[in-house]
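Trainee: Below: one structure in structure tokens.
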Amino acid sequence: MMLDPQIAARLKRNADGLVTAVVQERGSRDVLMVAWMDDAALARTLETREATYYSRSRGQQWVKGETSGHTQYVHSVRLDCDGDTVLLTVDQVGGACHTGDHSCFDADVLLHPQD
């Protein structure tokens, strides 16, 4: 799958050719996770609506939920003003975090809201 050249031209990738992907749950608006995408992962996500990312540690693409069953159906993808981050709005099935938690931001609160 090839990324549309008009979209590719707008992306500002890091030195490894990746863009940051912020993943937000459609219903709750919670931020679920942050991941990386290369052009091919973004193209596949746009084509299939299955959240597809790039694993820096494994050096390959992965489809969220392919092995765990904890899938992300992508409703929308937005590019930020700088072109270096995409925002995916998803329906999450199961936990988004590799720990099994609903969100990767469920564990450690560094600053609690004021009352």
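Here the Cβ of each residue, glycine as well, is placed from N, Cα and C on the backbone.
According to Swiss-Prot, the protein carries these features:
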- ASP80, ASP82, ASP84: Mg(2+) binding site (BINDING)
- CYS81, CYS97, CYS104: Zn(2+) binding site (BINDING)
Trainee: Among the binding-site residues listed here, CYS81, CYS97, CYS104, whose Cβ has the fewest other Cβ atoms inside 10 Å?
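Mentor: Output over binding-site residues CYS81, CYS97, CYS104: least Cβ neighbours within 10 Å is CYS81.
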Trainee: To see if you understand the setup: which same-chain residues, six or more apart in sequence, place their Cβ under 8 Å from that of ASP80 (Mg(2+) binding site)?
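Mentor: Same-chain residues close to ASP80 (Mg(2+) binding site) (Cβ under 8 Å, separated by 6 or more) are VAL86, LEU87.
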Trainee: Highest CB neighbour count within 10 A among the binding-site residues ASP82, ASP84?
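Mentor: Output for this query is ASP84.
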Trainee: Whole-number Å distance between the CA of CYS104 (Zn(2+) binding site) and the CA of ASP84 (Mg(2+) binding site)?
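Mentor: With distance taken Cα to Cα, ASP84 (Mg(2+) binding site) is 21 Å from CYS104 (Zn(2+) binding site).
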Trainee: Whole-number Å distance between the CA of ASP84 (Mg(2+) binding site) and the CA of CYS97 (Zn(2+) binding site)?
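Mentor: So the Cα of CYS97 (Zn(2+) binding site) lies 23 Å away from that of ASP84 (Mg(2+) binding site).
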Trainee: Once ASP80, ASP82, ASP84 are set aside, which residues in the chain still have Cβ within 8 Å of the Cβ centroid of the Mg(2+) site?
Mentor: LYS12, VAL19, THR20, LEU79, CYS81, GLY83, THR85
Trainee: Under a three-state reading of DSSP, tell me whether ASP80 (Mg(2+) binding site) is helix, strand or coil.
Mentor: coil
Trainee: Could you tell me the C-alpha distance between CYS97 (Zn(2+) binding site) and ASP82 (Mg(2+) binding site) in angstrom, no decimals?
Mentor: 27
